[in-house]
Structures are given as structure tokens and as C-alpha cells.
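Encoded as C-alpha cells, the structure appears first; notes follow it.
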Amino acid sequence: MKPLTLSEGSKGQKSVVIRTMGGVDKAVKVALVDGIFTFIWNVVSSCLGVAVFLIGQYMDFKDDRTPILYALILVVSLVFTEAGFSAGGAAWNPTGPLAFWIAGVGEDTLLALLLRLPTMALGAAGGIWIATSLMPSSYRPLMGSGPQLTAELFTGAVTEGAMSFALNVIVLYVVLRVTSNRVLQTLLILVTILTLIHYGPKSTGPVMNPTDAFGWAYHNKTHASAKHLVVYWLAPYLGTAAGALFYRRVFGSAAFAAPEKEKQKKS
């Protein structure tokens, strides 16, 4: 493609073209970063069971090892959150960018979303493939085989949809209205996720992350099944969209303004 010149159109037309190309370039870069983060996230998260076993064995921990798992999840989540912000807002759960976009507070365009979602799915599939391929056979059972639907399709879809709805309403509220501190945001969101997982129905996992579910489904060759598409893709996205619309209806779309409040107090 030859470079644009002023003779190829009016200044206004050229400006529009350049902005459009810049938007496309940015969307592609964000999508690629998302794919990389999702890849690494799935490698790490799929190995947590093995890590818990090895740490428990090393510490001669005979009791319930759930506290070890929760501690690892906390550390991993904090590291990924900080790294994600440093990388310009990388995500490894597609419901997050979708929720913020629908709520009217995200910087994404529709094009960016359409690029981010499939790259996350590819990253998840690649991450699970690498992790399961490189894991020694003696530890492979500790990785599990991904979420399993143990209820009827409709029940599973309602479960994933409802939990995705609740999660994203809380995430939006925490990020936009509770605090601007990333560590505190991560802690509150993590507590929410663990609470939903611990007390919520176990018929779907639950997952609340379509790409995590896709990574394992692709590995198990069930990614094209109706159960997977409806329960782990359609339902979470619909639940997320409903949650974002609910948040926007109840709270509006204004972002949290802690820095301004702090400046007013100091003055």
C-alpha cells in the first residue's frame, strides 16, 4: 500500500483515514496482547492443582489444601492484574471488556471487541495444549479435564448466565464506584469469584470465563457441541450483557473519580 498524500483527498478525508488505520492498528495490538496473556493464564491456571499438591507435599500439609489454592490464586491474580495494566489493559476473560463496553466506560471499539474475543479463545486453546503436553504423565491427573456439565443444558445455561450476571455487576461496581486502587480491586473481585464458586451451583464448574472453558473443550474435542456453545459461550455472554445493562440502568456509566476527590480534600 502506497503512503497517503494530501493530493489523495481533502485534509479532512485524510484525517479520517489515518484515524481509522490507527484504530485498526491499536485494536490488532490489543487483541494480540490479549491472546498472549490468555495463553499464559491458561498455562498457569491449569497447573495450579499440581502446584498445590507439590507445595502441600513439601510442607507435609495433611489437612484441606484449599487455603494453599486460594493463596496461589491470589498471587497469580495480583501478578496478572499488574502485568495486564502495564501492557495497556490486557484481558484474559472476554466478559470483562464486553461488560465495560456495554456499560459505556470502556475504550474499546466494536472492532476491537470482535478481534479480542477470538484471540483470547486461541490463546486459551494454545495454553491448555502446551500445559497438558509438557506436564509429566504422573502429574497430569492433577490438572483435571476442565469444566464438566452435570445438569441439563437449560439448567447449566441459566447457572452460567446468572453467575456471569452477578460477577460482572459486582466487577463494574467495584472498579467504577468503590475504589481505584488496583490491588484492592483485585482482592474484592477475587473474593467475589471465590464466593460464587464456593457457594454457587457446581453443575457447570462454575467457570464464568468462556475462553477458559473453550481451552479445555478444544483439548477434549467438545468445543463444537451444543452443550459447550450454549452453556459456556452463549450463556456467559448474555449474562454479562444483561449485567452491564443492569449496572448502566441503575448506576449510570460515570467512572470512579477518586483522584479528583482526593485533590479536593487536599485543597
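Glycine is treated like the rest: Cβ placed from N, Cα and C.
Any TrEMBL annotation is an automated prediction that lacks curation.
Per TrEMBL, the listed range annotated as transmembrane segment is 122-142 (candidates: 122-142, 206-226). No contact links the transmembrane segment (230-247) to the transmembrane segment (68-92), because fewer than 3 Cβ pairs that are 6 or more residues apart lie under 8 A.
Count of Cβ pairs under 8 Å against the transmembrane segment (122-142): among 36-56, 68-92, 183-200, the largest is for 36-56. Cβ atoms under 8 Å from those of the transmembrane segment (68-92) belong to residues 30, 33-34, 36-38, 41-42, 44-45, 48, 51-52, 55-56, 61, 107, 116, 120, 123, 182-183, 185-187, 190, 194, 209, 211 of the same chain, restricted to positions at least 6 beyond its ends.
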